Each structure stands twice: as C-alpha cells, then as structure tokens.
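Contents: one structure, followed by commentary.
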Amino acid sequence: MTETAVAKVDHSDGISTSPEGTQRTQSVLREIRRLTRRYRMQAMPFAAIGATHGIGAVAAALDPPEALLPVAAGWTASAGIYGYVHRNASRWDRLYACVAAGSSAGWQAALALAGANGVTAGLMWAFGAALSIPWWVRHAEPEPDVTAELAAPPQPREALPVAPGTADRQLKLWNEHIAANGKPLPGSALDGITEFAYGWKATVTLAIGEHWHTTLQARKSILSVYDLPDGRVFVEAMHGESVRKSRLTVLTSDPLQQKNHWNGPGLDPATGKFPLMIAADGEPLHFKLWNPGAGALHALISGVTRSGKTKVLDVVLTEASMSDRVYPLVIDGGGGASLPQWRERANLFAGTPEQAREVLRYTLRLIERRRPVVERQGGGSLEPSPELPLVPVVIDEAHKLLMSDDETDNRDIVRMCEQITQEGAKFGVCLILATQVPSVKQLGNSTALRDQVKAGTIVGLRITEKGSGNMIDTGDPMPEHLKDLPAEFPDGSSTHGLGYMMTSRKIRARALLLENPAEQPVTPTGLDPDSAAEPVPALNTAKKPAETAPPRRSSGPTAEDIDATVREAIAAGTEPAVDELMRDTGLAMTQVRAALKRI
Ligand SMILES: Nc1ncnc2c1ncn2[C@@H]1O[C@H](COP(=O)(O)OP(=O)(O)OP(=O)(O)O)[C@@H](O)[C@H]1O
C-alpha cells in the first residue's frame with residue numbers, strides 16, 4: 001500500500017480521518033449551518049416554547065419560596081425580550097412579542113403550579129404551536145429550488161477546471177455563432193474556460209487589428225448564443241495584456257440577486273481598504289479610504305432615491321468608526337433624517353446647513369493644525385494611525401448642500417468642500433459625498449470638486465436620467481449605463497445596492513448590506529494633539545435653519561454671520577488679509593472683502 005493511500009489515523013483516539021470522511025463531515029456541517037440559517041426564524045417559537053417548559057419544570061421541581069426564583073427570572077427574560085422588540089421592531093412584531101411574552105409568563109406560572117409533565121404541559125405546547133402559526137406565515141420565505149445544488153457536489157468559489165464536455169459545448173457555440181465568418185467576432189478565440197460557482201470565465205482573443213472594445217459591444221450576441229437573460233455577460237479589460245484580449249465572465253446564475261450581508265469589519269490598516277461590494281462573479285470589490293504613502297482618498301456615492309446610497313454610507317461609517325485609525329465626521333444634508341443612527345455615534349454630527357458650515361470650517365482648521373505635523377515629518381503625506389487618525393467628512397444628500405438656487409446660496413459650502421478635497425488628502429482629511437446623480441451639477445457646478453472626487457473612489461448605483469453619468473465614464477468603457485441597471489431582478493425583488501464601483505474591474509456588483517449599524521460597537525478614537533488643540537464647534541447649540549432663516553436666502557449666511565465669522569478669525573490670530581481669511585473661514589472672496597469693508 002502506498003503512503004498516500006493510507007488513511008490518516010489520529011493515534012490519540014484511534015479515529016480515522018480519511019479525506020472522504022473529512023469531506024463528508026464538512027458537507028454535513030455545511031448543510032446544518034445552511035438549515036440553521038435558513039430556518040432560524042421558523043425555529044424561534046420552538047425555542048420560546050422549550051424555554052417556557054424548562055422554566056416551568058425547574059419551578060415545579062422546587063418548593064416555595066425557591067420555586068419563585070426561576071419564575072421571576074423567566075418573567076424578567078420575557079419582559080426583557082418584549083422590551084428589546086418594542087425598541088427595535090415593527091408594530092406587528094411588537095404586538096406579537098407582547099402576546100407571546102405575556103403567554104410565556106402565564107404558562108411558566110401555570111406549569112410551576114400544576115407540574116410540568118401532565119396535561120398542562122401538553123396544553124402549553126398545543127397553545128404555543130397555535131400561536132406560532134401567524135409567526136410562520138409572516139416569516140415564510142419561498143423555498144429556493146436547491147435540488148440541483150444538493151445533487152451536485154458543493155462547488156467552491158474559486159475557478160475549477162471545467163467538466164469534460166462543458167467547455168467543449170461553450171467552445172462549439174462560440175466557434176459556430178460568434179467566431180465564424182459573418183458572426184459578431186470573426187476569427188476570435190476563446191481560451192482557458194474555467195467554471196466557478198455561478199458560471200464560467202474565459203479569455204477572448206480577437207483577430208489581429210481588433211480591439212477588445214469590440215468584444216464589449218458583442219455582449220448582447222453572447223447572451224443570445226448562450227441563451228441567458230440580460231445582465232449575465234461581462235467583458236473586462238486585461239490591463240497589461242494585448243488590447244485584443246479581454247476577460248469574459250458568463251453567469252448561469254446571478255449571485256447579486258440575493259442580499260449579501262456585511263459580516264464584520266474588514267478595514268485593513270496596511271492598505272486602507274475594506275470590502276464594500278460583491279461583484280457578479282462573487283469576488284469582493286474594495287472601497288479605499290486611503291492609499292498607503294499617498295494620503296487620504298475622496299469618494300462619491302451616487303444613485304437615485306432608494307438605490308441604497310445611505311446603506312453604503314452606513315457600511316463606510318461603520319468600518320470607519322470601528323477602526324482605531326479613523327475619526328469620522330458626519331453631515332446629513334437631509335436635515336438629520338438620512339443618517340439618524342449616526343447622530344449620537346459620530347464624533348461630530350451636523351443636521352442643518354449652519355451646522356454643516358461649522359463642521360466644514362472646523363475641518364479646514366484641522367488641516368491647518370496638521371500642516372506643522374507634515375513639516376515635522378519632512379513632507380509627504382500623513383499615514384493614518386491610532387495616534388493620527390484619518391478624518392473623513394461624510395456628507396449624505398450632499399447635493400442639497402452644494403446646489404444653489406434663487407432661494408439658497410450655498411457657494412460658500414462648495415468652496416469649503418473644494419478646499420478640503422484640494423488640500424486635505426496629504427493631511428489625512430477626505431470628503432465622502434453621497435448625491436443622487438454623479439454629475440457636476442449636483443456638486444454645485446464645481447469642476448474642481450468633480451476632478452478631485454473623480455480621482456478617488458466612485459460608487460455608481462442605479463440612476464434614471466441618461467446624460468447624468470458624466471463622472472462615471474472614466475477609463476475603460478462601462479459595460480452598461482447606470483440608467484440601464486434594472487429596478488427589479490427577474491424574481492421581482494428590488495435591486496437596491498446594485499451598481500458599479502470604479503476600480504480596475506468594471507463589473508456589476510451589489511453593496512454589502514448592514515441592516516442596523518447602531519448594533520455595531522464604536523472604537524473610541526482620539527485626535528492627534530495638534531488637531532485636538534482645535535476647539536470643537538458646539539453643534540448642539542446651533543440654531544435650527546427655521547430660526548436662522550433670513551428673509552431672502554433660506555440657508556446662506558447673513559451679513560452679520562459673515563462679519564462675526566471674520567471678526568472671530570481675526571481675534572483668533574488670522575491676518576486680516578483676504579487670502580488668509582478665506583482659508584481660515586471657508587468664506588468666498590466677495591464675502592470676505594465685503595465683511596472687511598463693513599468691519
Ligand atoms: N445593498 C443592499 N442590499 C439589499 N437591500 C438594500 C441594500 N442597500 C439598501 N437596501 C434596501 O434599500 C432600501 C433603501 O436604501 P437606502 O435608504 O440606503 O436608499 P437611498 O438611496 O439612501 O434612498 P434615499 O435617497 O431615499 O435616502 C432600504 O430599505 C434598504 O434596506
């Protein structure tokens with residue numbers, strides 16, 4: 001017998017651990033995990049009935065007054081569970097939890113008095129089962145068809161050699177309907193076909209004289225040849241290879257159709273990035289907060305209402321606030337209604353335009369505070385660390401704060417944002433904006449802001465207007481316009497979070513979903529001593545816009561506000577020169593000039 005044929009034996013207990021045995025155990029464990037995940041909601045009533053029975057049995061076995069103890073503990077637990085549901089769940093769940101917790105408390109007492117093995121226990125199980133029915137009906141999910149999945153051996157995500165015959169079929173179809181003369185890509189070759197969990201990948205090489213953009217244009221024909229619905233074929237550049245080559249991904253099933261839940265912090269301090277989206281081939285796409293050695297990165301997240309922008313910001317803010325090297329500041333352009341979960345959790349939270357101005361001015365002053373730090377380290381850019389954290393200013397509904405109209409003059413906010421994006425990166429300060437459309441118009445018509453943000457990370461979710469994706473068409477052509485992203489998947493579920501991240505991969509992806517960021521812990525992070533010396537604006541005392549609204553311009557600063565800001569800056573040591581005052585106050589040149597004249 002050869003050595004490899006001998007099953008490994010664990011001599012400590014004599015259990016055979018042959019590879020087949022391990023595989024079987026792993027697949028049983030996987031199946032148990034899958035069933036637990038899938039049926040956890042359905043199993044909840046059984047857990048509650050079992051706990052009620054257990055408490056009743058313990059109490060019945062004890063004599064008074066000790067018997068009171070398990071009942072008291074059970075009642076407290078019932079009240080606690082109800083209290084938790086009351087705070088966190090919908091009205092239906094609250095009502096259900098109220099009835100269930102009340103019944104459980106009643107049955108605990110009944111079992112304690114009448115004994116836990118007789119008719120009372122039977123009645124209690126019958127009552128519990130009846131009460132479970134509305135729960136099961138409400139939480140019933142359509143059972144996915146897993147017959148094929150169960151019949152086939154489990155497939156790991158990474159590429160596998162294709163089963164004989166499968167590649168032949170793909171190749172035959174390609175050669176007959178795509179690469180033949182008179183077909184969309186005559187003379188093209190399909191190589192290196194490999195299967196993965198959701199389909200197959202290959203390399204396409206076009207005939208001499210052709211460019212891979214032609215393969216991109218042939219996507220619809222490829223879909224038709226392989227008989228697939230829209231959105232299942234992706235063609236990507238192979239950077240560093242011949243322009244004739246491209247990577248083809250063909251999905252036989254769509255992993256984006258399911259929600260992909262965020263499952264724990266993933267920010268890597270060595271690279272400054274964390275997984276934010278899952279691409280159509282199941283690979284993660286990373287959001288970069290900073291570039292090691294090159295400073296902080298700005299970002300733009302855009303998409304129509306209900307496309308999932310705020311949820312993307314929730315993931316970004318959770319990763320930031322769980323890291324000991326990030327100190328996030330939050331501005332909610334939606335008047336505090338967009339990111340309410342961050343009101344208490346962010347280091348600073350601005351819910352009104354006036355508070356937003358305060359936070360932006362403060363951010364500009366932090367940049368100034370950090371100038372000597374960069375000088376002390378001899379130039380370059382600051383590397384985020386627990387002693388010197390990255391300061392991202394996250395602005396949701398940024399278009400509301402950046403766009404001006406007849407009623408509102410927000411040019412000072414645009415100017416401050418421009419300044420932060422132009423100067424902040426090397427001082428570890430960045431701007432992360434969320435707008436409805438990735439257009440320069442929504443950035444207050446500031447091409448400076450657009451150019452800076454474009455150099456960072458762009459996440460484009462679904463939009464509805466054609467000509468608006470002008471910040472997205474950078475580098476390689478997009479496989480599809482954001483406007484063409486579907487609002488619903490074929491099964492009728494919404495496509496929230498579906499879009500593209502402008503990384504080296506231009507492939508459809510879906511953002512990870514974090515249902516409730518408030519459940520995640522926050523890592524206390526302090527600013528570096530230079531930044532910490534800057535007085536923090538007292539936002540809680542900031543007036544609401546309604547109280548400050550001047551008659552003509554609802555949220556622009558009044559002349560008195562501007563004069564007061566300029567006076568304060570001069571009193572704090574800023575030279576009374578226009579440039580210096582613009583830098584320290586974030587005010588526009590005309591505003592500073594007018595204020596200096598008035599003062
Ligand atoms: N990645 C995702 N996966 C699955 N569902 C998501 C995802 N992102 C968001 N959703 C769901 O979509 C809905 C809308 O999300 P969200 O509030 O983030 O949208 P929005 O673009 O910020 O909308 P608005 O502009 O109206 O604030 C939410 O109910 C959320 O649960």
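Note: Cβ is positioned from N, Cα and C throughout, glycine not excepted.
According to TrEMBL, the region 'Disordered' annotation covers 1-26 (among others).
What TrEMBL lists as compositional bias 'Polar residues' is 14-26.
What TrEMBL lists as transmembrane segment is 43-62 (among others). Sequence-distant contacts of the transmembrane segment (43-62) (same chain, at least 6 residues past either end, Cβ-Cβ under 8 Å): 36, 68-71, 73-74, 77, 100, 104, 107-108, 110-117, 121, 124-125, 128-129, 131-132, 135-136.
As annotated by TrEMBL, transmembrane segment applies to 68-85 (among others).
The transmembrane segment annotation in TrEMBL covers 111-137 (among others).
Sequence annotations record features per position, and here TrEMBL assigns domain 'FtsK' to 282-468.
Under the heading ATP binding site, TrEMBL lists G303, V304, T305, R306, S307, G308, K309, T310. In the three-state DSSP scheme, G308 (ATP binding site) falls into the coil class. G308 (ATP binding site) has a Cβ environment of 23 other Cβ atoms inside 10 Å.
Residues annotated as region 'Disordered' in TrEMBL: 519-561 (among others).
According to DSSP, G303 (ATP binding site) sits in a coil region rather than a helix or strand.
When Cβ-Cβ distances below 8 Å are used as the criterion, the transmembrane segment (111-137) is approached by residues 41-42, 44-46, 48-49, 52-53, 55-57, 59-61, 67, 70-71, 96, 99-100, 103 of the same chain, each at least six residues removed from its ends.
Surrounding the centroid of the Cβ atoms of G303, V304, T305, R306, S307, G308, K309, T310, where the record places ATP, the chain contributes additional residues within 8 Å, namely Q436, L461, R462, H496. The candidate set comprises the binding-site residues T305, S307, T310. Of these, S307 has the most other Cβ atoms within 10 Å. Taking every protein chain shown into account, G303, V304, R306 are the binding-site residues, and of these the Cβ with the most other Cβ atoms within 10 Å belongs to G303. On the 0 to 100 pLDDT scale, the domain 'FtsK' (282-468) averages 92 in the predicted structure.
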